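*Asks:* Have a look at this one.
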Amino acid sequence: TSANLKGPISTLCFSQTDDLLLVGYESGLLELWQHNSVVDHKQVSDGPITAACSMPDSQFAVTNMNTVVVDVWKLVWNQQCSKASLVKVKSYKVKTQMVRLVYCSLLVGVTFQGELRDVANVVKDEWGNTNTSWNQSVSILSVVRNDNKSVWLTGEKNDEIHIGFFFGMGSNAPINSSFSSITMNSGDNEQENKKRSLITAITVDQEFVVCGDEEGNIWFNQHPDISSWSEKKPAHLDRISELRLTDRNIISASYDRTLKLWDRNTKKQVGMFVCGGPVLFLEVNPRKPSELVCADGQGKLYSLCWKD
């Protein structure tokens, strides 16, 4: 944990290939961490870093709120391999601000309205390089890596759960035809007049879907009928902000300042950590699923690991 004078954190991103963590701040500061220490930091904008994603070859794509540009930064070591620095290797001008970035054989940006765009080819063929399936209809809650070439997207609309799947086949494949989605009812079959609480987090791994709401409940689809849902289970005292899945665990983070680990099979709680403020961001290390980082509303960054 580190007490922070740098202000609120606005994005976290692990490298898929190296032992690196990129931290973006609302102040426009970027930090690169390795083995729990900062190896480089750069003031890259005067507005909040809104999104970042890992790319091959020790690169990260990063965008901020004040410009419609996506920059690609690469970690470069000096000749003695004693000092590393972030070097900007590319800048892509985009038409709209991106609120999420994801790399799956090509660099895809997600706009606030829910459009998917091919960041590198935004000029050539606007129609082929934009997917508007969820535009202004579905509120996107997570983008979950499936493999090197594909991701799941989850979202919510009118208390329905939307699950999307996007695959990329290199930078020349049109992305308007590489996205498909389904709608699942949310399992909320109570009386219609009872106020339904807003779904605030969803994650997915293969056919397993876990949801959380603003009241701190979590629920999931069941085996073998994966279109049926468990009862809602009060997991936290406040809004669920993030959900993650590993092979063994469900990880939930909440505005109630806690992060909890649940056994994926039994659904029993197996661990808990208390942060200083509401937990806003959570990322699991893709190379070591028993390690995670989270950031709270006080700007504190926590690095946690556990033994399975």
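In case you wondered, yes, glycine gets a Cβ from its N, Cα and C as well.
Unlike curated records, TrEMBL annotations are generated automatically.
This is the feature table in TrEMBL:
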- 233-272: repeat 'WD' (REPEAT)
- 236-306: domain 'TEP-1 C-terminal beta-propeller' (DOMAIN)
*Asks:* Reported in the order helix, strand, coil, what are the DSSP residue counts of the domain 'TEP-1 C-terminal beta-propeller' (236-306)?
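*Replies:* Within the domain 'TEP-1 C-terminal beta-propeller' (236-306) the tally stands at 0 helix, 41 strand, 30 coil.
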*Asks:* Just to confirm my parser: what is the rounded mean pLDDT across the domain 'TEP-1 C-terminal beta-propeller' (236-306)?
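*Replies:* Taking every residue in the domain 'TEP-1 C-terminal beta-propeller' (236-306) and averaging pLDDT yields 96.
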